[in-house]
Amino acid sequence: MSAMYKDDQDNWMTVCLKYLLFVFNFLFWVGGAAVMGVGIWTLIDKSDYLSLLASSTFAVSAYILILAGALVMVTGFLGCCAVIREQRSCLSTYFCCLLLIFLIELVAGVLAYVYYQRLSEELKQHLNETMTENYAQPGKEAITLAVDRLQQDFKCCGSNNSFDWLHSVYMTSAVSEGRVVPDSCCKTITTLCGCRDHPSNIYKTEGGCITKLEQFLADHLLIIGAVGIGVACLQLAGAMLTACFIYLLYKEEEEDFSAV
């Protein structure tokens, strides 16, 4: 009687775990789509700004999330197939995939957090130099477009303020045609509008671009880190459920073998 009760209990736990894993894989698939979406959004939304950063850590974190998100969606589908078939080999492969993706997303989250800590210092050291030395220079078209878009999107002028442009390579050359700031500093852009730096004409009192870009990137990094670590924790829970399911299947196989 006790043996029958134990068998029924084991079967009940196996069925419960099976359905739990189905639910988990659905959440896992949705989480994968969210992770990939955040990665793509990070690269597409104002992606021009990436050329203004000294390091590629920000972009690398986003690419890692896109890779992890794609793997999560594929693994979620494979996980459902493995649970339906109830084969230990398939479930073991699924378990290993979960751990691998867990590590990938953890790396993305940690990278985002580390870069978040040094973001302010990097921008202070490199942004002004990048803007004043590379703006409107041959072969630096991507940086020129990025600076123009930065100043228009965030309604700012210069790294710290509009006076940063006075000693820039562009403003001290004949190409500037008498401008004191780029035309993208103007509230209403017209040809040669940068020749007049009055606050009514340019973004002179709104603050420099460095603080606004720092806040924008910091917000993105926090989202990358939170999503990466959050989904990684979900995967760890799924790996534990899978391990329990594999163990129960192993016990059932042992009992069936001993009964024969």
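Glycine residues also receive a Cβ, built from the backbone N, Cα and C atoms like all the rest.
Taken verbatim from TrEMBL:
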- C156-C186: disulfide bond (DISULFID)
- 20-44: transmembrane segment (TRANSMEM)
- 64-84: transmembrane segment (TRANSMEM)
- 91-116: transmembrane segment (TRANSMEM)
- 221-250: transmembrane segment (TRANSMEM)
*Near C186 (disulfide bond), which residues of its chain come within a Cβ-Cβ distance under 8 Å, counting only those 6 or more away in sequence?*
C193, G194, N201, I202
_Against the transmembrane segment (64-84), which of these stretches has the most C-beta pairs under 8 Å: 20-44, 91-116, 221-250?_
20-44
*Is the transmembrane segment (91-116) packed against any residues at least 6 beyond its ends, judged by a Cβ distance under 8 Å, and which are they?*
35, 55, 57-58, 60-61, 64-65, 67-68, 71-72, 75, 78-79, 82-83, 218, 221-222, 224-229, 231-232, 235-236, 238-239, 242-243, 245-246, 249
*So which residues does the transmembrane segment (20-44) touch in its own chain, when a touch means Cβ under 8 Å and the partner is 6 or more beyond its ends?*
50, 58-59, 61-66, 68-73, 75-77, 79-80, 83, 105, 220, 223-224, 227-228, 231, 234-235, 237-238, 241-242, 245
*Looking only at Cβ atoms, how many others are within 10 Å of the one on C156 (disulfide bond)?*
25
